[in-house]
């Protein structure tokens, strides 16, 4: 299931950026499962990666290669992505396979192995089927294209349990020239990114120095991918990459940085929300807004406690205005000394809780009418400060259980 | 569903302790839903309560009354328990109702209202149906009995989504005299007790001074009720009570305290495990043992991270030896600087993970054979210290979703 109809957007080509895909049969035949993204020499590249201690071999190698290129004063030229196998929990063999994949691609295109960053997604703990992956490189390279539609094909080529390709695009004007930002992402389960998500690839044709690129990626991810959760499970393979090709105008002045960051935030947030709209088994898209907190972290703690509650998630699935479960989840959030009498909880435009209990104005009919919608906003005011946070999540359905009990992801 | 066949044990009567039940029709007619437990004047009483900030009115009143009695140098005489309504999230009305329930019982038995501790369980946020509750007091008092079977009736009278009454009993010999410990508990969903569970009532005929009773309750709950989780949701109404009637031998000497604590721990652990065996929709009883940790808290953090992972829980439901999900959950646990190459994970007697990846000796057939069992042990050695913890949990099934999507608990 998935919430709403979210078509893949039309994307403009980016100068010097080409995308290619192949059906390598890594897990199943007849589907795109290998993606190559080529960046121009002028590009700058930034990445954030999972904080899972059991991070996958490709994550370790991508970090190494990115660091190596930076030390040499250049940027990586290729992102190599496979679905169907995460190459995680694979020990030494996994590291060898990730390195060998990069080396094989590098040889075919005439760059060094460190110019290739590898990414994998799929089942954890199985060895990467290297013969099929390596055989897929040539057809993927042959299909390299800068057409807008190549972004959609790449979006398809990175999916696992996702039901649809996810992309977002934005344009802005800098010094009279158009700047474009294109991004794709995948993810549907094992989603509670910590510093990144599994997987996001965003490219702009602006020119942005590496330190600024790093900062923009970190800031926009913190308010997008790091604010979503399907099931609280942080993946071993999360990565979100941002490249600026350097072929367009330079983003340097404060005003340009601010305008660019706003556009980038729109793309990042759309991509992150696209993951939640396509969460495994989801029937609801839920926005949790917490304000009146003493700190952003406190607001996030409350929002994630509610977002992870199986009882809140099953009530959302049932369209049951069982607000007692929201109250119970807020009450167990890791916030010290909070005064429940100051907490106000709204479901859409219906007040649920005030003065420590059910709002006097609340009616079951009004609550049920909001819960019946596919898109639901829950607003929690803690009444103790000025900080806030917004988190997006999905419900917990029979299909979530079926997908994860029947499918080895 | 429930795991295994766990009959209610035969219990010995305790001198001066009587239990009565009534069918008050608080939520539905024709089932025991009101319980009165009478304790002798000689008793000492201890309790631990939920840390949920939105704690229910009866929790607040029970704490007040217990404190009041202690300040007066006496112990509460009655525990009054209803199921079908939690009297939580009910604001001022809820407090008034809890006080009025105690006062009504106190008047009928000739004690003061503070001698009655109230407990409620059931739906959150509905007002307590006071007329039906008050009408049920007389029949409950008429049925007061010290028979062993009255414990089983009381066990039935506190259930909500539970499928069976849960009791545990133990005897030990102190100075040539027999000491008995009887306990009942309830709980099946919204179970991740924090300092207590919803609800446990344990009584012994030993004589134990209040400070020691408090310590024994805290210590044994920390290794039983505080080590279970169904769905990570800490209830608003959790409470675990321990009373020592004082009619039997005194527990004072170190050796006696140690022997008594061991027996009490057996009762507490059996009750806590009974909740997990009857967890909502459960088909598996899972023991998570973490050792090699730097602290007990670290071991608990890892154990609960795995126990709360929806992906691990659905794999357990599917009997799928998808050990990559266990590895991913361990890797995202809040433990700083841990070396994944030292982590060893065993599923029953099958080694899953060592040296940062799948164990060389692992076979899918061996893993699947363990996962097919209804009782599964997962052992995680972090390889960095000498501390350990054991946590018990259940799987996540279609029935869990059905129970919580269809039933307003």
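Placement of Cβ uses the backbone N, Cα and C atoms for every residue, glycine included.
According to TrEMBL, the protein has these features:
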type	residues	note
ACT_SITE	B:197	active site, nucleophile
BINDING	B:160, B:186, B:197, B:280, B:404, B:409	substrate binding site
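Positions of TrEMBL features highlighted on the structure.
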residue	record	Cβ within 10 Å
B:160	substrate binding site	23
B:186	substrate binding site	26
B:280	substrate binding site	31
B:404	substrate binding site	29
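Residue B:404 (substrate binding site) carries a helical DSSP state (H, G or I). Of B:160, B:186, B:280, B:404, listed as binding-site residues, those near chain A by the criterion of a Cβ under 8 Å from one of its Cβ atoms are B:404. When secondary structure is read from DSSP and collapsed to three states, residue B:186 (substrate binding site) falls in the coil class.
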